[in-house]
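Student: Encoded as C-alpha cells, here's the structure I'll be asking about.
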Amino acid sequence: LPTGLGWALVFTPSLGTVGRYFPAQRALATGLAVSGASVSGLALGPLVPLLLDAYGWRGALLLLAAVSFNLVAAGALLRPLPVPGETPGPPRDRPGLTRLLRHGPFIRYALAFVLVDAGYYVPFVHGEARAHEVGCDEHRAGLVMAAMAAVDGGGRVAAGWLAARPATALLRHLFAWAVLTGLVLLLLPLGTSFGGLLALASAYGFCAGAVVPLQFAGVAEVVGAGRLVHAIGLMQMFESFGSLLGAPFAGWLRDVTGNYTISFLAAGAFLLAGSLLILTLPGFFHASQGAGGKEGSPAPAP
C-alpha cells in the first residue's frame, strides 16, 4: 500500500509537469518521459532474478528501494512554471476536483479509459499463459513477453513524434491508435503458433505503447493546461477500476471457456468501446484550447 501510494504521488505530478514544460511538443515530451518505463521493465526482468539469487528477497527489495530513492533527487530538479495568462501569486479561481467532476467532456474522457484499461492489460497479464496454451515452452513464452515490452517503448516515442506534427488533431491520433490496439487484440486468438503469436504480440505492444503518451497529453486538450495535474490524478483514479477488473474478468472467461479466445475478444471489445467515446469529445473535430490556444485557458464549459 505505501509503495503504491508513493508511485502515485510521483507519477501524476511528473506527467503534469512535463505537460506544462513543453506545451508545443506535449505529446512528444510525454512519449519520451513514459518510454523509460519500458526500458526499466526490460532491464529489471533479468536483473531481479540475479538479485534474488545473490542477496535473497530482502536484499533485493532493499536494492530496488535504493534505486527508487533517486526519484527524490529527480523530483527536486522540477520547478513549477507559470502558465501564460495566469497572474502571479495565489490563484483565486483555480478549478479543483469538484469542477472537474461536473466537466462533461472530462467525465467522458475518463470513462473512455476505464473501458480501455479493462482490456489494455489483458495481454500483459495473460500473454505468457496464452503462449503456453499454444505450445510454447518457458523460453519462447518469455520471448513473446519481452518482444511486447520492447516494442511498447518504441510505440510511445513514435506516437509522440507523430502527434507533434500539426496536420491532425491530437485526439484523432489517440482515437486511431486506440482503435488499432483494439483490433490487434481481437486478432490475438489467431496466433496459434510461436511465430504468429510473436508477430501479433509485437504489433499489440507497439500500438498499446502508442496510446499511453497520447492519453496523458490528451487531458490538456479536454480540460486545458491549468487543470492538468488535477485531471490526470482524477482520471487515473477512475481508470484504476478498469485496470483492476479487466485481467480477473479475462481469467474468469478462460476458466469458463477453457481457452483465452473469448478473453481476448472481450478485451478488444472493451478497447473499441472506449475509443468510441473519444469521438464525443469537443476537441475531436476541431482544435481545442488545451493545445492550440492560449495555454492555461480552461476548456469550454460542458
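Just so you know, glycine gets a Cβ as well, placed from its N, Cα and C.
Reproduced below are the annotations present in TrEMBL:
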DOMAIN    1-286  domain 'Major facilitator superfamily (MFS) profile'
TRANSMEM  32-52  transmembrane segment
TRANSMEM  59-78  transmembrane segment
TRANSMEM  106-122  transmembrane segment
TRANSMEM  143-164  transmembrane segment
TRANSMEM  170-190  transmembrane segment
TRANSMEM  197-216  transmembrane segment
TRANSMEM  228-250  transmembrane segment
TRANSMEM  262-285  transmembrane segment
Student: Does the transmembrane segment (106-122) come near the transmembrane segment (262-285), with 3+ Cβ pairs under 8 Å (pairs 6 or more apart)?
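Tutor: Answer yes: the transmembrane segment (106-122) meets the transmembrane segment (262-285) with 3 or more Cβ pairs below 8 Å.
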Student: Grab the same-chain neighbours of the transmembrane segment (197-216) for me: Cβ-Cβ under 8 Å, and only residues 6 or more beyond its ends, written as numbers and ranges.
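Tutor: Distant contacts of the transmembrane segment (197-216): 15, 19, 27-28, 30-31, 33-35, 38, 113, 116, 120, 123, 127, 130-131, 134, 136, 143-145, 147-156, 158-160, 163, 170, 173-174, 177-178, 180-181, 184-185, 187-188, 190-191, 232.
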Student: Across the whole of the domain 'Major facilitator superfamily (MFS) profile' (1-286), what does the mean pLDDT come to? Round it, please.
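Tutor: The average pLDDT of the model in the domain 'Major facilitator superfamily (MFS) profile' (1-286) works out to 86.
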